[in-house]
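Trainee: This structure is in structure tokens; I'll ask about it shortly.
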Amino acid sequence: MNSNQQIPKIIPIVPIKNKVLLPGLVLRFQVGRKDTVQLMQKIYRATDNRESKHIVGCIPLKPPPVSENDDVAVNKSSSTLPFNPLSSNSKKVTENKNVNDSSSLSLTQPSDLHHFGCAARIVRLEKTVGGGFMAVVEGIVRIRVDSYVKLEPYLEAEITSFPEPVLPKDDQELQDLAISLKSTGRELLSMLQDLKLPTPLLTQLQKFIDGAAAGPLADLLISTLESTYEEKLHILDAVELKTRMLRAIDLLTRQIHILKISQKIHSTVEGKLSKKQREFYLRQQMAAIKDELGERDDSSTEDDDVTDLAKRLKEAGLSPEAEKAAQRELKRIKRMHPTQAEYQVVRTYLEWLSEIPWSKFTSDILDIEKARQQLDDDHYGLQTVKKRVLEYLAVLKLKEDMKGPILCLLGPPGVGKTSLGKSIANALGRKFHRISLGGVRDEAEIRGHRRTYIGAMPGLIAQALRRVAVSNPVILLDEIDKVGHLSNHGDPSAALLEVLDPEQNNSFNDHYLNVPLDLSKVLFIATANNVDSITAPLLDRMELISLPGYTFDEKINIAQRHLLPKQIASHGLGPGHVKISDEIMLKIASGYTREAGVRSLEREIAGVCRSKAVEYADAKDKSNVEKYNGEIELGDLERILGVEKYEDEVAERASKPGVVTGLAWTSSGSGGILFIEATQMAGKGNLQLTGKLGEVIKESAQIALSWVRTHAYHLGITTTSTESLYFSERDIHIHFPAGAINKDGPSAGVALATALVSLFTHKRVQPTTAMTGEITLRGQVLSVGGIKEKVIAAHRAGIKRVILPVGNRKDVQGDVPERIRKDIEFVYAKNVFEVLSSAFEGQQVWIGPIVEMESR
Ligand code: ADP
């Protein structure tokens, strides 16, 4: 940087847009204009990409008319920002990408160019990807263009250069001005430092002030600190030292003023503002800044948002309480800024309020004949259930309220509880929603969390209403027996009680919504697998309708009428594309499924349809559809569904001493048969029990053993009535296979006693004979639950004879389908003796009179 360097009289001209190069400063810019590119190419070739000594004249373009140029907007915006006194060219190297922008390929006209400029040395020149150049130039000396001597291929001009004047020592006025310039510069810098702007540049400038000559100092300060394009041009034009210093001092002083004022405003305002207000004030400022920069994202969004919410709330027809809450929250949200965390919370709440169907209803179709038709169309059999449902609907029609008991469909999985609920909704013309209660442990899941919780949500009931968008749907409370109660998260079953209580449920309180919800128009239907695990108060609210499971006969009918057509359609096939005869269907049901319901059966049928769909599509591709055959043959089954999974449970089992078939009722509500195996070995009189047994069933085993030991002589086990050695020198092990399934309950008592007698006496029981019943120590047989499910399961398993407690006779006659009663022989026993007589089919089981038992 040497202002005394010889500058040629005629030099090439580089027009510069938007920036002003001053002596002593460095500027970097892209070159894209056609004329300048040609100039740079020439220089580039001449210098062979090394540092060049080439001198060019950097002449700024004249500032465009204020109105329509975006550059002006940039300048304007930067000058209005009070806290950004350093302009973007805040380094000695100033960067300017738009200079000589490639956007304009036309030649520059001399008339577009300013009069003054700066002679500069090209410090670096690099080719850019687009075919242009990136140039770094260092300003040397002010120049004035006297005339342009060449316009093409690039401009060349005759110039006068103005080497930097030396400050005359004897000119007091100029000396004073120089001192004034320095102190003003220092003051501004120290104010900037107070603002703690993170820039090492300030320190550099500070050092520079002390040593610099007045002229270059003015240039440096003005180009580095905040100033507009015009102001910079003004300094460029000030060849004379005095004028330049005066203009610089003027600009710096103005800057100091602006800073002072904004600091003052800042501190007074700050003092008065609370934290909240300050946040608001800063946000306003941020919005103003964004506005200036044109970055403001649609400024009216949040207004629109709230107005929109208010409109939706109005349309929602809120209840008076909800209306009050909505108004209160609307008022709050209007005062908030959308970026506040609370804003979103309130907004979500209002959204929920607006989406609860406060006053939306569907109108009921209360046509009993139509309902009957619908139920019959959707489900095969289930006569008692359908009858009860129709009665319920009839009462509903006459009474026009829902204050009856809640229907609870009770039965094992897959017997059609859910689909029955759906078809009730269809019959009534109501919307349907299923809430799965399995595993609900937390009261808040039913009732929602209070809004003070982070991430609070309304409960399942409110969610269901929002989903169906009407306030009189049919809601199926699925698996109500699986809902937890009395945990440390409140009592969900108590919350359900409130939901189901007709006296209370017109004002159900969801903790999140916190306004009463009217559930009195909702038709609730519950389902359960197991009546034992429903809490007593809930049970009290409900009327149980039992769906015990299907016989094979019923399964085949259900499959042919409903499951198969449904699966055919859902696999994109047409009627007749899959044909399964009853015989094959029975094979599928018995060989591939073992269940009370028809869910697995439906899955297996789907498997068959899938396989047929492939065949059909294949045939279609090969254009020989006429060869396709939808009929399923017995031989196809293994290919399609794999090897049979289940064999006939009992038919092939050989009878063995110590093994007895019991009837069980699993926790999922389905019945099943269960084998009890007893064995003995030399030992010390211990009893070992295995097979995942609960306390009650273990006690049953103890009771059975005690009873057998008591009557060992009369049962023909010991030879004298006083013999004690027999049991003390052997251990007994009883096992219940299917060892992974939990088993409990008293109903295996008779089977246990029979198994022990069989073991000790070597008498066998036919595997097709099954039994259930509780025993007392004295040998009485007490009635047990779940008879219908057990008998149906026994029938499926191929049992021919069932031994039951006398007390259960009424269950067989009342509940068990006629068809099954025809297939199975029922034997009713009062005591263990009668059980044994029947089990061993007339073989002698007792020696001597049976005095003791009969006396009871
Ligand atoms: P659950 O709710 O009792 O577990 P689902 O209602 O899910 O059982 O029934 C399983 C499948 O069996 C459904 O596709 C259902 O339509 C069908 N289904 C069950 N019972 C019958 C029936 N009696 N008639 C026709 N389809 C039935």
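Glycine residues also receive a Cβ, built from the backbone N, Cα and C atoms like all the rest.
Sharing the record's features from TrEMBL:
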ACT_SITE  SER747  active site
ACT_SITE  LYS790  active site
BINDING   GLY411, PRO412, PRO413, GLY414, VAL415, GLY416, LYS417, THR418  ATP binding site
COMPBIAS  75-106  compositional bias 'Polar residues'
DOMAIN    11-256  domain 'Lon N-terminal'
DOMAIN    654-842  domain 'Lon proteolytic'
REGION    67-106  region 'Disordered'
Trainee: Go through the recorded positions PRO412, GLY416, SER747 and pull out the ones with a Cβ less than 6 angstroms from some atom of ligand 1.
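Mentor: The recorded positions passing the 6 Å Cβ test are GLY416.
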Trainee: Tell me, which binding-site residues from GLY411, PRO412, GLY414, VAL415, THR418 are within 10 Å of LYS790 (active site) if we use the C-alpha atoms?
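Mentor: So far as Cα distances go, none of the binding-site residues lies within 10 Å of LYS790 (active site).
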Trainee: Give me the Cα-Cα distance between GLY414 (ATP binding site) and SER747 (active site), rounded to a whole Å.
Mentor: 25
Trainee: State which of the following recorded positions has the fewest other Cβ atoms within 10 Å around its Cβ: THR418, SER747.
Mentor: THR418
Trainee: When you measure from the Cβ of VAL415 (ATP binding site), which residues in the chain that are at least 6 apart have a Cβ under 8 Å away?
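Mentor: Listed in sequence order: LEU547, PRO548, GLY549, TYR550, ALA596, GLY597, VAL598.
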Trainee: Would you say which of the binding-site residues GLY411, PRO412, PRO413 has the most Cβ atoms within 10 Å of its own Cβ?
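Mentor: Selected residue: GLY411.
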Trainee: Whole-number Å only: compute the distance from the Cα of THR418 (ATP binding site) to the Cα of SER747 (active site).
Mentor: 30
Trainee: Measuring Cα to Cα, tell me the gap between SER747 (active site) and PRO412 (ATP binding site) in whole angstrom.
Mentor: 19
Trainee: Between the recorded positions LYS417, LYS790, whose Cβ has more other Cβ atoms within 10 Å than any of the rest?
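Mentor: Neighbour-count leader: LYS790.
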Trainee: Inside 8 A of the center formed by the CB atoms of GLY411, PRO412, PRO413, GLY414, VAL415, GLY416, LYS417, THR418, which other residues of the chain have their CB, for the recorded ATP site?
Mentor: LEU409, THR527, LEU547, ALA596, GLY597, ARG599
Trainee: What are the non-local neighbours of GLY416 (ATP binding site), defined as same-chain residues 6+ apart in sequence with CB under 8 A from its CB?
Mentor: HIS379, LEU382, LEU547, GLY597, VAL598
